[in-house]
Amino acid sequence: MITRFWAESATAVATMAFGLIIVYGALEFGIGWDSSGPQPGAFPFYTGLLVALASLGTLALTIGRRIAGNAGLQESFLDAERFKRVASFFLPLLAFVVLSVTLGMYVATILYLVFAMRFQGGYGWLPSLATAFGAAAFFYLALEKFFQIGLLKGPLEPLLGL
Amino acid sequence: MKNLCIAAGLAAASVSFAGAAQAWQPTKPVEFVVTSGPGGGTDNFARVIQSIITKNKLFDQPIVVVNKGGGSGAEGYVYGRQNKSDPHRVIFGTNNAYLLPYVAKLGYKYSDLTPVAALALDEFIIWVNGSAPYNDAKSYIEAVKAKPGTFKMAGSQSKDTDQTLTAMIQLATGAKWIYVPFQGGGAAAVQLAGAHVDSNTNNPNENVGQWKAGQVKPLCVFSPVRLAKSDPVFEGKGWGDIQTCKEAGLPLETFQMPRTVWLPADVPADAVTFYADIMEKVSKTPEWQEFVSRTAQTGRFMKGKEFADFVAKDDAANAKVFEAEGWVVK
Amino acid sequence: MDNVASLMHGFSVALTTHHILLMMAGVLLGILVGVLPGLGAPNGVSLLLPLTFSMDPVSAIILLTSLYWGALFGGSTTSILFNIPGEPSSVATTFDGHPMAKQGRATEALSFAFLSAGFGAMAGVILITLLSGWVAKFALKFSSPEYFAVYFMTFASFIGLGGASPLKAIVSMGVGFALASIGMDSVSGNVRLTFEFDALLGGVSFLIAVIGLFGIGELIITMEEGLKFEGVQAKVRISDVLRTAAKLPRYWVALLRSSLIGIWMGITPGGPTAASFMSYAMAKRTSRNPAKFGKGEPEGVIAPETADHAAGSSAMLPMLALGIPGSATAAVMMGGLMIWGLNPGPTLFTDRPDFVWGLIASMYLGNVVAVIVVLATVPLFASILRIPFAIIGPIIVAICFIGAFTVASKSFDIWLALAFGVVGYLFKKLDYPIAPLVLAMVIGDKAEDAFRQSMIFSQGSLSIFWSNALVSTLMAIGVVLLLLPLVGMIAQRLRGRTAQSTV
């Protein structure tokens, strides 16, 4: 079980890291103030710094509350059951993205929709396949044919002559 | 290093034109990669060509236009690098194709592109506010020289054509402006009309609306010859009545921006010939000529050696300014 | 009134069967691009542009502007139904629109959104009709310091609005600012914060962030709760639409205030997105029940929608009269104007009255057509919610990712959308306000540019922000907006009360 304390702390550390990366990236361009106003790095530098400091503040506040025995922080952020639900949604999302960049977006859409409907939604093969191919066909016609925007394609589409 | 790249491009171009057999044809939809956002000058350039090709059925495959204007166009050229040897991606740009790598670290080199053709030259004019007391370039420059660092010159973003031209004028005449970069020529035009700045170096098309209303006036054009005659725009004066800057006594003759077409590196020589021929046909259509005259550009088709020579010369002239101004990134 | 006579002439130009059909086609296409996140009005307009080269300019602009109205309406639809803003300017509509849909009041939310949007658009067009000359002159007074002051006002109206931890609000806004500064910096000509990573050259698109933070983040939360959309109405009847319409006049104060904010942001460079945020903020601040906002308050839908459309339509004026595009879509249309041989500028009104007044008349007609068309689609869209979540959920996922890709045809953006989804989930669960992040991304880089341009003007002196009556007034309003909530907060603290509200 993840408590709220750990979720708060980890997020604060992550935003702090983000802020510091921005600070580091901004240093390249000069952060001072010259005759024509702030140098190109100044705005990113100070926003990065602000993010890092505010994150540090959140972290300190969270730890302080924990020491003071704040009950809210002991509450569950994500218990086992919820974690399972989030993971069972998020992992297919990740798979969708990986499939999109390897096999193309149409194949990824079809596989993902079939998987989600057949195995997670409990629908039969026929409605699952019909929805998946219907959606892919709609995207193909609307984007590729009508708006002339090509989606990512993988090795399969050329074989089908699309 | 840079000159080596240009030489390589030149070599590639001349090889392309050596084997000019009409063998290559597009076999799938052709992507027109636009190195500006929607609505920008390069965007109009590519879309007009798209419509001319489609209307006159110059080739059979459909054309898809994609805007990749990030990093002032670098995004489109990087895309060209990523699609090395794919002759179905035609990239539209300006002289930024070979100038951008000087001034910023952008993830592509000029040698990642194969030159195809240029179709037009966009002109640059010095404009001042309509109620300013100057009627010729000479007196304006003298006024700027008298009070260095107080006059404001507006233009598009830093280290781009407008600021390069401003730097050239400064180097040639000894005048000194405060250069204020805006998001584009349109914003620079309005700032001048509202008298927030003293001058800009906009292309004719970017300032014509304000000129018609008498809010701004042209002083001289950086072209070897006067612009083509046109209908009067304001108070009886048309494009052809604007003095060239040489006539006006400025020690700076030419500054023009080519509208260019490129392919990725390592494409078949036949494909380069194919697109160059298509572009040549486009440049002869009445629709194209109408577009060029309406936007007061100078129609000039260049391909092969002529284009490569132009690029080499333009590259050298700009590089000199970049060096002098300290803009070159290491 | 010369303008009214010209307008009547414009109606005679615009009011033909051919043009009405074009309007309907444009609106329907617009709804389609508006509904798909990522694909927005600028894409739709640039797609149709080549078609218009062979049309006469009046017909062409009617088609393109109708598409724009349609897209604005379509964008609100997905905001309300799925928490996915189809257009940047409909982000603020999600704050109360989506909660309403979740409570089973989708029909009401959609009807309020469309009707108030229509009202806002009309207000904008009426302004153009009556005050075009004056506004064009006024807008010429704006330079970089005034631009900065307008952005400052927008931020000021939004800061201190939420009841979330101020530290978290600062993190959220700072992250937005930082993301906005990635890519080409036009003031210096440098490419910033890309870490030599090609995919970041074009910056981080605000649309990708919105798709991830709102669309995917919301889906993850819905899944975690194990919830489906609750309390979906058994039947959607056209009478619900009419009943909502009858309730609209009650919100006349909100309608008027939002129209004014929208028009103001449309003719100054704020733009529709900033207008909708500011209008939402002002509605919440002036409300007697600010605590209801964010939980399904109709005024929280009406305010941003009215301002969005008022700004969208009044932004056409600076485009025509000055050649300043007030939005990304207007920039594409301006490209079209030039290709058609029309040069935007002060004389366009006198040179081509047929075109200008035909366009203005078509804006009246086009918006009426648009409202009728979209209201007719309300039952259709609202019934989408009756599709089981096991089907519609995955389809929304696919639409989000495909939408993310269509923004710039970059596979990196799909990863980015997923990452933003995780951020959206964490931020929402940990009570980080997301709105400041989005607002900072929309106008952060513009505000920075305007500030630095001002500093170039003044050679580094801040006094330029008090250098004339216009900019001083704008800055003063901004400072007052900034300080008011602080004063209020201190007063409440002194009285020992705790403020409870969230964005």
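Quick reminder: no glycine exception, Cβ is built from N, Cα and C everywhere.
Keep in mind that TrEMBL annotations are predicted by a computer and have not been checked by a curator.
As given in TrEMBL:
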type     : residues  : note
TRANSMEM : C:20-40   : transmembrane segment
DOMAIN   : C:20-439  : domain 'DUF112'
TRANSMEM : C:109-135 : transmembrane segment
TRANSMEM : C:147-164 : transmembrane segment
TRANSMEM : C:199-221 : transmembrane segment
TRANSMEM : C:261-283 : transmembrane segment
TRANSMEM : C:319-343 : transmembrane segment
TRANSMEM : C:355-382 : transmembrane segment
TRANSMEM : C:389-408 : transmembrane segment
TRANSMEM : C:464-487 : transmembrane segment
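For the transmembrane segment (C:109-135), same-chain residues at least 6 beyond its ends with a Cβ under 8 Å from one of its own Cβ atoms are 1, 3-4, 7, 69, 72-73, 76-77, 80-81, 93, 96-97, 100-101, 240-241, 244-245, 247-248, 251, 255, 258-259, 262-263, 266-267, 298, 301-302, 305-314, 316-318, 321, 349, 360, 363-364, 367-368, 370-371, 374-375, 378, 381-382. Counting Cβ pairs under 8 Å that are 6 or more residues apart, the transmembrane segment (C:355-382) and the transmembrane segment (C:464-487) reach fewer than 3 and are not in contact. Between the transmembrane segment (C:261-283) and the stretches C:147-164, C:199-221, C:389-408, it is C:147-164 that has the most C-beta pairs under 8 angstroms. Annotation: stretch C:147-164 has the most Cβ pairs under 8 Å to the transmembrane segment (C:464-487), among C:147-164, C:199-221, C:319-343, C:389-408. Counting same-chain residues at least six beyond the ends of the transmembrane segment (C:199-221), those with a Cβ under 8 angstroms from any Cβ of the stretch are 37-38, 40, 82-85, 88, 91, 94, 98, 179-180, 182-184, 191, 193, 393, 396-397, 400, 403-404, 407-408, 410, 412-413, 416-425, 427-429, 434, 437-438, 441-442. Within the same chain, residues 48, 59, 62-78, 84-88, 207-208, 210-211, 215, 328-329, 362, 365-366, 369-370, 373-374, 377, 399-400, 402-407 sit at least 6 positions outside the transmembrane segment (C:20-40) and bring their C-beta atoms closer than 8 Å to a C-beta of that stretch.
Confidence over the domain 'DUF112' (C:20-439), given as mean pLDDT on the 0 to 100 scale, stands at 88.
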